[in-house]
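Undergrad: This structure is in structure tokens; I'll ask about it shortly.
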Amino acid sequence: MVRTVSIGEADVLVIGLTSSDDGPAIAPADAFGDVLDAETRATLLTALTAVGAKGKGEELTRVPAPAGLGVDSVLAVGLGALDKIDAEQIRKSAGVAGRALSGVDTAVTTLSGLDLGAAAEGFYLGAYTFTPYKGKSAPKPEETPVKRVEFLVPDPGFGEEALFRAQAVAEAVATARDFVNTPPNDLFPAEFADRAAELAKAAGLQVEILDEQALADGGYGGILGVGKGSSRPPRLIRITYAGGDKKVALVGKGITFDTGGISIKPAQNMENMTSDMAGAAAVIATTLLAARLSLPVTVTATVPMAENMPSATAQRPGDVLTQYGGTTVEVLNTDAEGRLILADAMVRAGEDEPDYLIDVATLTGAQMVALGTRTPGIMGTEEFRDRVARLSQSVGENGWPMPLPAELRADLNSKIADLANVTNHRWGGMLSAGLFLKEFVTDGLQWAHVDIAGPSYNTGGPFGYTPKGGTGVPVRTLIATIEDIAAE
Ligand code: BES
Ligand code: MN
Ligand code: ZN
């Protein structure tokens, strides 16, 4: 995507349309005044109104371009009431426009006049597609993403930084989405680690991969216990971007497929468990992004990867394993596997003495029972939890603070080990998972635990800038948090 100062030779012009009681209006391009003359605006508004455009949020209306405008058609995207437009509305509207532009070579937009960064982020995120597995049904030209979107700006240097950040952020989100969308036959632990390592090395970052032997030598009993049912052994990958004195540790759940293990899941919807590595994908993509943005912070991703399979070598309900660091855990349910691999990784991450720890996981179905499919649950130490939630809301990922009720902790007591991996009831399942993880957080460390079981994977139709499949949540929450820490 590029910037331009004139409408030029684009095929489609994308404009914003606001709504009001007096009918729709063409959104102003505040940053540089009106690009369209009064007559063109009037002609366009008449045409748009004639075909029923109202300017409601994310509404799409396409009309032939008035003569002399230099484009074939005009795509109007609704922004809602003018006084309620915020960055998230611009991202969402740009997102639906970006998706609607499939098959178009070049589009040009005035949405950059409202907020260049938000508009660019929205177009990039909305235009995302994942097609490497399309084989014989390869996408037709009209199904391919728009090749080029130009943003009208008052002068060529305008908004350079915002545009750079938007592109970097959107590409990081796409990296996370690509990992999540890659099917589990191709993305198994060793392959996932190799692909992540390749990206990290290309970005000049430090990489360390522990294979099954190194995990055994190191005492990573949680990762090994979960991984031992699979013919494809587990990994722990560590990626470090050394950008400054402040240290942020990221940990992400990397279950490349979750059958539940011996406590096997029902067949219905089990295919969605290809997304059980979305936390891993997000923290890997965020670490690369922190480097790309040259943030003055050191970020280390510690990412456990395993495939949770039932087999003759799988762990059993009732097995006791020893986590990295020595805590023993009675595995009462092999489907509560995420917390077992995370516990090892969180203890390892704590050894680096970070200032902050954020773990991200598709951890519990209970997250969706509590908050629905689009709202991440955020737990942890209160102040940092609230800070991450606030930042998450500011970027439109909408994480919400949740408690870790002390009284639930006793329900994780085991008769024979230090801890059990599940309670014997289903109340507050997201919170008891958080309480389990809390046992593995170094004392005094500021910690946030983000449960993204629903928000990381969209099983419904596309909406706003969010496609079907991997969403890339919570990459934008994580980078906003790291930027906030960098600004301390
Ligand atoms: N990966 C699942 C959680 C999940 C469910 C993510 C649906 C996305 C969509 C996790 O490993 C799991 O199976 N959790 C169990 C925990 C239970 C056994 C305490 C669950 O939520 O049922
Ligand atoms: Mn599970
Ligand atoms: Zn899982």
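Including glycine, each Cβ sits where the backbone N, Cα and C put it.
Because the structure is a prediction, the values reported are computed rather than measured.
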Undergrad: Suppose a student reads TrEMBL and sees Lys253, Asp258, Asp276 listed for Mn(2+) 2. Which of Glu198, Glu330, Glu337 should they find annotated at that same site?
TA: Glu337
Undergrad: Closest to Lys253 (Mn(2+) 2 binding site): which of the recorded positions Lys265, Asp335, Arg339, going by Cα position?
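TA: With Cα distances computed to Lys253 (Mn(2+) 2 binding site), the winner among Lys265, Asp335, Arg339 is Arg339.
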Undergrad: What residues, ordered by sequence, lie under 8 A Cβ-to-Cβ from Asp276 (Mn(2+) 2 binding site) and sit at least six positions away in the same chain?
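TA: Once residues fewer than 6 apart are set aside, Asp276 (Mn(2+) 2 binding site) is near Lys253, Ile255, Thr256, Phe257, Asp258, Asn308, Gly338, Thr362.
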Undergrad: Grab the pLDDT values for the domain 'Cytosol aminopeptidase' (333-340) and give me their mean, rounded.
TA: 99
Undergrad: Excluding near sequence neighbours, so keeping only residues 6 or more apart in the same chain, what lies with its CB under 8 A of Glu337 (Mn(2+) 2 binding site)?
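TA: Counting only residues 6 or more apart in sequence, the Cβ neighbours of Glu337 (Mn(2+) 2 binding site) under 8 Å are Val226, Ile255, Asp258, Gly261, Ala306, Asn308.
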Undergrad: Quick one: which residues besides Asp258, Asp335, Glu337 have a Cβ within 8 Å of the Mn(2+) 1 site's Cβ centroid, in sequence order?
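TA: What remains near the Cβ centre is Val226, Ile255, Thr259, Gly260, Gly261, Ser263, Lys265, Met273, Asp276, Asn308, Thr334, Ala336, Gly338.
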Undergrad: Comparing the recorded positions Lys253, Lys265, which residue's C-beta has the most other C-beta atoms within 10 angstroms in this structure?
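TA: Its Cβ has the most other Cβ atoms within 10 Å: Lys253.
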Undergrad: Those recorded positions, Lys253, Lys265, Asp276, Asp335, Glu337, Arg339: which ones have a Cβ sitting under 6 Å from ligand 2?
TA: Asp335, Glu337
Undergrad: When you measure from each Cβ to the nearest atom of ligand 3, which of the recorded positions Lys253, Asp258, Lys265, Asp276, Asp335 fall under 6 angstroms?
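TA: Cβ < 6 Å from ligand 3, in sequence order: Asp258, Asp276.
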